[in-house]
């Protein structure tokens, strides 16, 4: 097999990054305020011979982000980048999602009095402008939506004790993102999170990946040689969907273990909260690709357990960053529900979902339900909606609550809608029809035989 034989970790818990219209890393990450960000200033030239403070691990410094704003950042780790021949520091921007953590050169840290004074002066001017603005009050619901959209990280104090303990343990294990970039196909992509690539691979600033077999390499020379030798031009497994240039392959983790392990290592670079397993055999992977004359190029995927005791129809879901905001995330979500319909079951993504995953699922659920409510005439229950869509009743209730379309009356949830309210929601860009939809006619798939037997007994 063309992919690597090293034992790798597999993602088994949803932390979906599906990427439909949500901000990318670094966008809208600061709390709402004036258009000009605090701390935006062209770095002044330090006086000749002006001493710099020594950078120490665990200390906090002002750091210039890629958008030229300055923020407090804790230095987590340092390294010598052998590929670039320079010293770098791994920083976490205080109060921001860990997705934005990055390796920076020393010249992006405010280490002299001249630079620190200039940043401080600019920040004070920003705060003065902010104080002159009319006071705005926001509701708890508005704050929740704001925090989801802008990736505001919860503090440990805002979590229950068990969650806080797990978060601290998770953060300690995955604190430093050594692999900073990957090259795959025609794209060079910044990594978002730590991924447990084995041995020396996990400490390289950059990895090269074959987009067909997903073999990962430390050196560009090895990568170029591999491209000339690799015979793969599509994922392994069975093609179960093809429409125009969109294709989906079903890959059994038991039959294609190394490919699926490599896929999970790739996905972990863009997914934070996951439980990692070494065994991919209990999972089936659905690989979404764009097809051209060169081959089938991986766009994203979702995985699901062959047997889910909790009724989950998705374990992990990801759209690779270059393909986000193009409708592929909602396509993957819709595809998972098409499979559930063929299985005559209801399903829900495994929790926890990432912030971006929550936004995409909520947007998809809202659109599906609004489309039904707009065209339906007569009496309709939440159970009816669940049977029609394969969405769980709990997910339907939470979605309708977010749309102010359900009330709790006499011990049960009651749908309360008007045609006008439905149309108003459908006019919103947030709930518009996805640009790419699943054509069930093009889906060539049936549930496994053991599941068909179970369904026939129900």
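Residue numbers in this text run from 1 along the chain shown.
Here the Cβ of each residue, glycine as well, is placed from N, Cα and C on the backbone.
Per Swiss-Prot, the feature region 'Disordered' maps to 1-52.
Here Swiss-Prot flags 1-17 (among others) as compositional bias 'Low complexity'.
Taken from Swiss-Prot, the feature N-acetylalanine applies to 2, supported by similarity to another entry.
For 25-35 (among others), the entry in Swiss-Prot reads compositional bias 'Low complexity'.
Look at Swiss-Prot and you will find 55-110 tagged as domain 'Tudor-knot', backed by sequence analysis.
Feature annotation from Swiss-Prot assigns motif 'Nuclear localization signal' to 140-149.
Annotation source Swiss-Prot lists region 'Sufficient for interaction with KANSL1' at 174-458. When pLDDT is averaged over the region 'Sufficient for interaction with KANSL1' (174-458), the result is 91.
Positions annotated as zinc finger by Swiss-Prot: 207-232.
Sequence-distant neighbours of the zinc finger (207-232) (same chain, 6+ residues past either end, Cβ-Cβ under 8 Å): 1-4, 179, 181-185, 197, 200-201, 259, 262-263, 265-266, 295-298. Residue counts of the domain 'Tudor-knot' (55-110) by helix, strand and coil are 6 helix, 31 strand, 19 coil (DSSP-based).
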